[in-house]
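A.B. asks: Sending over a structure as structure tokens; questions will come in a sec.
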């Protein structure tokens, strides 16, 4: 028995040694795995730190990369020349072949069959339009150019040729320059568009400056009229109703002008209209009174002022959201505003810009239009962004001696079209549109206080859904080259670039 036990012990010793070796190997593997994981984490951390440093150093802030996605220009707002003008024709030709190939490859891969069909039809219409133009059939050529533009509004060749037609045949150099700009934005290597812009840029800048000087003269003429003038007081009262009527109408309110006036004067409900439509009118009334009583006299506009303005706009419609930044992502047609996490820093930058020397050095109309665009682009609220932006714009204009500008609800499509163009990189058409509305509003006041018959367009009008500005648009006092200067798409700027009654 003792010998058997000894043999068993001798056999167990090798087995125990093998188990110890296996345990040691497992421990080594575990140690290696831990070391490997640590090394991976360390490398990943270094890469993350390097990326973070690169982003913050290039943008100046943690949110710089996100701000670039929602870029709001902070310099050279109305510069008529762009970065393409600094390149020579030879430099552009140097990378033209590569650029054209990359663009055609990317566009060709993304175009649908319907879009390809539209482009083919547009190019056919474009060729026919040029033939009509060369044979002197200008009316047919104009319709064909507009048809081509409607089919392919982003095609550089269509934009270029239509711009040339507008410049040389229609003498509409402002709109032609706008199309050259769009063609260059889509295809920077388009040397013809570049050459055309280099020719038109100075002329367009001069026309814009003359237009602003004309607005200043009309503002000064209006300022010279004594406040006690009874006609001026009547015009201001009627314009007040008009301003609220059109501003809520742009957002879809169906109240007529007479109903809007009734709600404001009597505070009585109108049969067949929703509570929200009543409350939108009352909110605008509160906001306008706040502007007249407080903001117009202030030297600086703060975020608190903007929030107070918005709180009154939504005070009757949505008092919970009124005066509060949105807390969720919103989508506005094809525009995706910044996320809620970026609103604080964007609005702080907006406030800084509003009160900066740079912005205050701009012409008041340019300044007000840009403030409107910047605020509506950020879209800081769940609702009421458009109304608040228009109210802020008018606050800035009133501080400069201008009356509150009326944007007619019948021009809603143009208004949104110019905002869309601004999102695409060209703010000038929107600024010109605001200048148009400013001039028409000034003309209404001057007309009302003149010795001419007191049938005031837009201040005394029928309740039709037709053209509110029909009488104004039948008269133009603009330079020929400036006619329809802020046109939109097909139709070449209907309803814009025209001035009011003499």
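Residue numbering: from 1, along the chain as shown.
Every residue, even glycine, has its Cβ placed from backbone N, Cα and C.
Below, the features straight out of Swiss-Prot:
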- 379: active site (ACT_SITE)
- 251, 332-335, 383-390, 415-416, 423: ATP binding site (BINDING)
- 15-24: compositional bias 'Low complexity' (COMPBIAS)
- 486-502: compositional bias 'Gly residues' (COMPBIAS)
- 1-24: region 'Disordered' (REGION)
- 478-502: region 'Disordered' (REGION)
- 156-190: repeat 'TPR 2' (REPEAT)
- 251: site 'Important for autoinhibition of adenylyltransferase activity' (SITE)
- 38-60: transmembrane segment (TRANSMEM)
A.B. asks: Between residue 390 (ATP binding site) and the residue listed as 'active site', find the distance joining the two CA atoms and give it rounded to the nearest Å.
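C.D. replies: So the Cα of the residue listed as 'active site' lies 13 Å away from that of residue 390 (ATP binding site).
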A.B. asks: Can you see whether DSSP assigns residue 386 (ATP binding site) to helix, strand or coil?
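C.D. replies: Going by the DSSP assignment, residue 386 (ATP binding site) falls within a helical segment, counted as helix.
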A.B. asks: Once the chains shown are all counted, how many other Cβ atoms turn up within 10 Å of the Cβ of residue 390 (ATP binding site)?
C.D. replies: 28
A.B. asks: When DSSP is mapped onto helix/strand/coil, what comes out for residue 379 (active site)?
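C.D. replies: Assignment for residue 379 (active site) reads coil.
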A.B. asks: With DSSP, how much of the repeat 'TPR 2' (156-190) is helix, how much strand and how much coil, in residues?
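C.D. replies: So the counts come to 27 helix, 0 strand, 8 coil.
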A.B. asks: Could you tally the C-beta atoms, other than its own, that fall within 10 angstroms of the C-beta of residue 416 (ATP binding site)?
C.D. replies: 15
A.B. asks: Round to a whole number and give the Cα-to-Cα distance in Å for the pair residue 335 (ATP binding site) and the residue listed as 'active site'.
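C.D. replies: Each residue's Cα considered, residue 335 (ATP binding site) and the residue listed as 'active site' end up 10 Å apart.
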A.B. asks: Which Cβ among the recorded positions (335, 379) has the fewest C-beta neighbours inside 10 Å?
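C.D. replies: If we count Cβ atoms within 10 Å for the recorded positions 335, 379, the smallest count is at 335.
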A.B. asks: Find the average pLDDT over the repeat 'TPR 2' (156-190) in the predicted model and report it.
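C.D. replies: Mean per-residue confidence for the repeat 'TPR 2' (156-190): 93 out of 100.
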A.B. asks: Let me make sure I understand the structure: which of the binding-site residues listed (251, 333, 388) has the fewest other Cβ atoms within 10 A of its Cβ?
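C.D. replies: Sparsest of the binding-site residues 251, 333, 388 by Cβ contacts within 10 Å: 333.
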A.B. asks: Fewest neighbouring Cβ atoms within 10 Å: which of the binding-site residues 384, 386?
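C.D. replies: If we count Cβ atoms within 10 Å for the binding-site residues 384, 386, the smallest count is at 386.
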A.B. asks: Residue 251 (ATP binding site) to residue 379 (active site): how many Å between their Cα atoms?
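C.D. replies: Between the Cα atoms of residue 251 (ATP binding site) and residue 379 (active site), the distance comes to 15 Å.
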